[in-house]
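Trainee: Here it is, the structure, as structure tokens.
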Amino acid sequence: MRQVERAIFDLRRSLPIVLRTPQDDVLVQPLEGIDDSALAALADMAGQPPSLVITAHRLARLGTLAPADADAVRLPLDSHHRARDVVAWAMAAMAEAPNAHAPEPASSAETAALGLMRRGLLVPAALSARVDANRREALAALIDDGTLLAVTLDDVQRYGEGDTTSLKRISEADVPLADAEHARFVLFRESDGLREHLAVLVGDAADWADAVPVRLHSACLTGDLFASLRCDCGEQLRTSVAAISERGGGILLYLAQEGRGIGLANKLRAYGLQDAGLDTVDADQVLGFGEDERQYRAALQMLSELDVTRIALLTNNPEKIAAMSLGGIDVVGREACYGQLNEHNRRYLSAKAERAGHWLEDLLDSPDASDRRAPRRDTSGSLE
């Protein structure tokens, strides 16, 4: 598995890797950092022009339906195609698929390559080129001297099927907060070293309620640190800490899931697409992602490590309740968790409510957009 993790790091450096299948060697390169010379070099190493591999989500945004049951497709390129056009087909808001060749279902190796891109927080798109027989000897020399890294398709598939979010408890310390003076930070690291998550323990565990107040908060650099007006994340974070403290203590899990799991670079790309008129869900899909790439296995493992099995969840997101319940956590109550509505985030919050089913009606129906709403108890007596 370490070879797969090394391959992800090479992809994050915009370097090509070799995916080895029983039939072929396939060169794979991310779109980030690609230029005409890199495109030509990849074709030269392979002995033929590469193809562009994208998700079915992305192909649909290009106005073309994927072949039946295909999650990813291959768009064959010609030698005259320029890097800027290829990047546009993978990322731009307004683009049309190249019409020289019909899309074909991606191979197992190409589909696995997109999984590596996702794990590396790269755009789920890749250049792919099967290596011609007359280039295999030269390619083997590049692998032997360390210029190229090779990994088998079997290893990549087993890595994708395994528990890459297995956590280790790394370090901890008391960190007094403005809204919770008695707080302790506990850092967990995923087994492949790519992501770190933080548990903020508020108050003394001995004093926590039977159903521990818990907030699952996805990291948001722009909102949490810079108080961006495009979202309400920073306000949700601070208001949640205060609410947990007021309720006698509990846990805030600060999860490395920037941009609903797509990473900061892709979130900024999505912002650019939103500025061009798309909503937050469509912007992610234009880049080839689903409407929400987050998983909550890390949160479940953190709660298990902290011996918490019964919680009252501070959330507006029904998916978080479902994920905790399916993971064996007894979710006995929900409290809404609102930030502040403003002219910059209204469209974003409306899309979350209308497209993703988040419970934001009370906030969006507020007559005063400057009215900050604190978390409130769900008085319906159910989890809605």
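The backbone N, Cα and C atoms fix where each Cβ goes, glycine too.
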Trainee: Which residue of Q236, Q295, Q301 does TrEMBL report at the same GTP site as R215, L216, H217, S218, A219, E258, G259, R260, T280, T315, K320?
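Mentor: GTP site check in TrEMBL: besides R215, L216, H217, S218, A219, E258, G259, R260, T280, T315, K320, the record includes Q236 out of Q236, Q295, Q301.
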Trainee: Would you identify the secondary structure of R294 (active site, nucleophile) according to DSSP, in three states?
Mentor: coil
Trainee: Quick check on the binding-site residues C220, C231, C233: which one has the highest count of other Cβ atoms within 10 Å of its Cβ?
Mentor: C220
Trainee: Compute the C-alpha separation of C231 (Zn(2+) binding site) from R294 (active site, nucleophile), stating it in Å without decimals.
Mentor: 17
